[in-house]
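S.K.: One structure, pasted below without further comment.
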Amino acid sequence: MRLSLVLALLPVAFGAPTRRDEPAPLHVPRDVDSLIKDTYIVKYKDITAFSAVDEGLKLLSGKPKHIYKGAFKGFSGKIDAKTLELLRDDPSVDFIEQDAIVTLAAYTTQASAPWGLARISTRQRGPTGYTYDDSAGAGTCSYIIDTGIQANHPNFGGRAFQLVSYQGSNADGNGHGTHVAGTIGSTTYGVAKRTTLLGVKVLSDSGSGSTSGIIAGINYVVSDSRSRSCPNGSVANMSLGGGYSASLNSAAKSLIDNNIFLAVAAGNENQNAANVSPASEPTVCTVGATTSADAKASFSNYGSGVDIFAPGQSILSTWIGSSTNTISGTSMASPHIAGLAAYLAGLEGFPGAQALCNRIVALATTGVITGLPSGTPNRLAFNGNPSG
């Protein structure tokens, strides 16, 4: 009797579907306009016979939205929670992803934008709107190596994080870093309005710091970037500098070597940028400052090592205390380029750290800046706006 009972159960056991050890991955798309409720795309493994897809279709309570019989094998449709669980247990299923709304990439214009934003989205001086693709740096990370950032500033929209401090308190007690972060990626004052902003504090609340501390901050960025999800790449900004330092230049180069784009301020001494660091490091993107009249800002450093110029005088941006401030310097020009790097990486993909600087140089408006000393490249940043 015992033997016959076991034998009687065998056909049932053999007829049961095989279960997998772990459920198939369930993906939720990021940075989309909207998700479609209870609607999923079921992707089967490439080696799966289509009969397995047919078996999955039988689980649906209604008609499928699409059946895929080509290179992409599977189906889509409304799937309730119980059926979703059954499908995820099917070893033939590769993954399941929630359906989402996808729209044409569109350019949008921010009316009455800060003058610096307006200037980098047009070839000619005059327009007051900032025109940009609404990808806006999505999927990128922007490291601000500075005085820290006020991460909870309302204009950062929850996209900002103060990570670490090598100078006392983790808070930005100066305002400089928060201003820089705002130009890179704040909602109102930023170039790349969807980038993630990451603060690394290497300067004190009085605005000073040691070379050794800055190097420690750079090493932190390299380490952090390896474990952080930034699918469209990472950029960094250093709106700081001092006399020539082989150590600081070497540390700045290590960011490039680790495929992190770096924009640095050319300096505010009205001298050759070859005399200061990290602006003199050849592999970084060194940024000089211009005025709203397209003249070299009187304070801006210059020379053949300046890759690009960007707005840097009377720049309105975020400030500590959840406020705003208008200040000047190549410190304000550099984040326009860090933001532009994040913007282009989100729009076109990340081509590599040095290649991204080359892309910015290639896009630049040439020959419009007045007052440049001989030998200084006459290149003003431009975001590639097709109507610009």
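A Cβ is built for glycine as well, from the same backbone N, Cα and C atoms used for every other residue.
The following feature annotations were taken from Swiss-Prot:
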type	residues	note
SIGNAL	1-15	signal peptide
DOMAIN	114-388	domain 'Peptidase S8'
DISULFID	Cys141-Cys230	disulfide bond
ACT_SITE	Asp146	active site, charge relay system
ACT_SITE	His176	active site, charge relay system
CARBOHYD	Asn232	N-linked glycosylation site
CARBOHYD	Asn237	N-linked glycosylation site
SITE	Asn268	site 'Important for catalytic activity'
DISULFID	Cys285-Cys357	disulfide bond
ACT_SITE	Ser331	active site, charge relay system
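Tell me about the setting of these features in this model.
M.R.: In sequence order, Thr195, Thr196, Leu198, Ser225, Arg228, Cys230, Gly233, Ser234, Val235 are the residues near Cys141 (disulfide bond), counting only same-chain partners six or more apart with C-beta under 8 A.
In the shown protein chains, 28 other C-beta atoms lie within 10 A of the C-beta of Asp146 (active site, charge relay system).
The DSSP secondary structure for His176 (active site, charge relay system) is helix. Other C-beta atoms found within 10 angstroms of the C-beta of His176 (active site, charge relay system) number 25, with every protein chain shown included.
In the three-state DSSP assignment, the secondary structure recorded for Asn232 (N-linked glycosylation site) is coil. Counting every protein chain shown, the number of other Cβ atoms lying within 10 Å of the Cβ of Asn232 (N-linked glycosylation site) is 21.
The C-beta environment of Asn237 (N-linked glycosylation site), restricted to residues of the same chain at least 6 apart in sequence and closer than 8 Å, consists of Ser142, Tyr143, Ile144, Ile145, Asp146, Val180, Ile184, Leu262, Ala263, Val264, Ser334, Pro335, Ala338. DSSP assigns Asn237 (N-linked glycosylation site) to a strand segment in the three-state reduction.
Under 8 Å, Cβ to Cβ, and six or more positions away along its own chain, Asn268 (site 'Important for catalytic activity') finds Ala289, Phe299, Ser300, Asn301, Gly329, Thr330, Ser331.
Long-range Cβ contacts of Cys285 (disulfide bond) within its own chain (separation 6+, distance under 8 Å): Phe261, Leu262, Ala263, Val264, Asp307, Ile308, Ile337, Ala341, Leu356, Cys357, Ile360.
Neighbour count (other Cβ atoms within 10 Å of the Cβ, all protein chains): 29 for Ser331 (active site, charge relay system).
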S.K.: On the 0 to 100 pLDDT scale, where does the domain 'Peptidase S8' (114-388) sit on average?
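M.R.: Per the prediction, mean pLDDT sits at 98 for the domain 'Peptidase S8' (114-388).
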S.K.: What number of additional C-beta atoms lies within 10 angstroms of the C-beta atom of Cys357 (disulfide bond)?
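M.R.: Around Cys357 (disulfide bond), other Cβ atoms within 10 Å: 23.
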S.K.: Give me the CA-CA distance between His176 (active site, charge relay system) and Asn232 (N-linked glycosylation site), in Å, as a whole number.
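M.R.: That separation, Cα to Cα, works out to 26 Å.
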S.K.: How many neighbouring Cβ atoms, not counting its own, are there within 10 Å of the Cβ of Cys230 (disulfide bond)?
M.R.: 20
